[in-house]
Amino acid sequence: MTILTQSTTWQALAAHSHQIPHMRELFAGDPARFSNMSLSTCGLFLDYSKNRATPETLNLLQTLAQEAKLDAKIKAMFAGDIINTTEKRAVLHTALRSTAEQSIVAEGQDIVPEVQQTLNKMQQFVTSVTSGQWKGFTGKAITDIVSIGIGGSFLGPKIVSQALRPYWITGLNCHFVANVDGTSISEKLKLLDPETTLFIMSSKSFGTQETLTNTLTAKAWFLAKGGSQSDVAKHFVAVTSNVAKATDFGIDADNIFPMWDWVGGRYSLWSAIGLPIALLIGMDNFRSLLKGAHQMDTHFANAPLAENMPVIMGLFSLWYGNFFNAQSHVVLTYDHYLRGLPAYFQQLDMESNGKSVTLNGTHVDYSTGPVIWGGEGTNGQHAYHQLLHQGNALIPADFIMPLQSHNPIGEHHDQLASNCFGQTQALMQGRTLDEALAELSKSSLSDEEKLLIAKHKVMPGNKPSNTLLMDKLTPETLGALIALYEHRTFVQGAIWDINSFDQWGVELGKSLGNDVLARIGAEQDATALDASSNGLINLYRQGKI
């Protein structure tokens, strides 16, 4: 057993998990449960009353966090300590949304001035492009942006841009390319005019396979459509640490934006990786996005554990994963603009906490990162909600909804809200056999048929959920929401004693993929790998089954 599972608090939680009454009873016995188990901060309201929890549960979970030295680990992250121990790096995405007055030291120097310089450089660039001052090789202003990245360099900008569609004020169009599948970029290029298109290449090394391949394809298209090598600088910019490779490609050094080792890809949208966002919503709105995230940072760093929104959400996720064998967690966004958030949170959580050894290399004997999935309401109610209500797996849920719509048409939003709240009630309350029989009492079915149908209509309830509300979806509230989930992810990793900031599984896939690519291009059939891999490579080389 690990130190964590040997602790008396862990053992107490394991025993306590079998003693909690059904949530129906918890609500019936405590009229103040909603007010006692809800919290408002940074423009967000969290109702966590529909969880399998009593005051004793919360006390035990907070004790577990204290024993794991969560407070000290939070301070260490904000202080710039080397908490990404396997890569010997600080973790300071929070510095990207710091204020100019702060001082944050990494690798012996204050990094805030460089962050502010980059924001100012982004401001100048955005103004140049959106004002029409930036011209393409034929003298025309830019109309379309193509953002080329992968992972965090793709998901963050794409999903935030999608979420903030009501704030697109610059008149530009933006297209996102990530997958190395040639169809992805080909379909985008068909829509574009090379004279008015600007490409943003985002890769720390300027060598990420998918990103470099897509960028080279974009350059070849540009040259084939009338551009010259000397014109590349007018149509390509880069966010990278490798200035030499970017300039060799043809990008002007003045149009290269920095990336830092103390920012992981899945936490990078707050940096120059967010250029596509800024080009669509303007820098004032981009700074509001940063402001909302900074407010959540301040809350996370200073609020007591019992009143700390990311801590509460992180502890409940751990509670269900480790003591109720919950293998997945669903995120349900009741706002069309937020439909991409489940995919973003999926990468954030699963790439961070999909680990199986502790910081000292001991194999864990408890579950770590769950599968994160989800979609937008009300679509999911006609698909996978059936599994949530009557399936035999426990799947905790987060419901996210703005109280006010950007498009208040008729009763649309009232119906959306009623569905959202109705689903959380149904998951908690369920339907008993007696209730199902009562609903069938006036039907013409026989008693035997009524009983049979009633059994099929029973729903156990007691399915946990959080509900997150905001007044309205704005850059500021979105920034706070994303930072909330970043810190929620950190809380779990800190208690599990794992490194939430490396991704060696991703790195292995990259290296093996490169090896397979070499074998695909070889003159002779593959024979050196396992039989399955050899067979698949050789079938691919033949081009037919």
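Positions of Cβ are set from backbone N, Cα and C atoms, glycine also.
Some features that Swiss-Prot has for this protein:
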ACT_SITE  Glu351  active site, proton donor
ACT_SITE  His382  active site
ACT_SITE  Lys510  active site
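Here the features listed in Swiss-Prot are placed on the structure.
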| residue | record | Cβ neighbours (10 Å) |
| --- | --- | --- |
| Glu351 | active site, proton donor | 22 |
| His382 | active site | 8 |
| Lys510 | active site | 12 |
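Here the Cα atom of His382 (active site) is found 37 Å from that of Lys510 (active site). The two recorded residues Lys510 (active site) and the residue listed as 'active site, proton donor' have their Cα atoms spaced 15 Å from each other. In the three-state DSSP assignment, the secondary structure recorded for Lys510 (active site) is helix.
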